[in-house]
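First the structure, which I've put down as structure tokens, then a few questions once you've had a look.
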Amino acid sequence: MIDLILNILMIFLIFTAFFMVFTKDLLNSVITLPLFGAILVVVFVILQAPGVALAEVVIATGLTTGFFVITLNKTGA
């Protein structure tokens, strides 16, 4: 059962990664980044790595997305 859930989450990760890379709008790509991070957090929790999941939430999902949004606002993109 866990394998099925992980496989479904990996498929969602692939779709969100392709969307982030191939979308024309930078804001849509930046908005998709926390979704990618949230799916990764669920994967890490299922794999019993809560420390890695916590780091993913704080660094990748929170700080990186915040920096990208601030950068987009300052550049006007």
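Just so it is clear, glycine is given a Cβ too, placed from its N, Cα and C backbone atoms.
Since this is a predicted model, take the numbers as computed values, not measurements.
So TrEMBL has the following annotated:
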type	residues	note
TRANSMEM	6-23	transmembrane segment
DOMAIN	11-75	domain 'MrpA C-terminal/MbhD'
TRANSMEM	30-47	transmembrane segment
TRANSMEM	53-72	transmembrane segment
Let me spell it out: take the transmembrane segment (30-47), skip the flanking residues so only those 6+ beyond its ends count, and list any with a Cβ under 8 Å from a Cβ in it.
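Sequence-distant neighbours of the transmembrane segment (30-47): 2, 5-6, 9-10, 12-13, 16-17, 19-20, 23, 53, 56-57, 60-61, 64-65, 68-69, 72.
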Per DSSP, how many helix, strand and coil residues does the domain 'MrpA C-terminal/MbhD' (11-75) have?
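In the domain 'MrpA C-terminal/MbhD' (11-75), the DSSP-based counts are 59 helix, 0 strand, 6 coil.
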Same chain only, please: residues at least 6 beyond the ends of the transmembrane segment (6-23) with a C-beta under 8 Å from a C-beta of the stretch. Say none if there are none.
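The answer is 29, 32-33, 35-36, 39-40, 42-43, 46-47.
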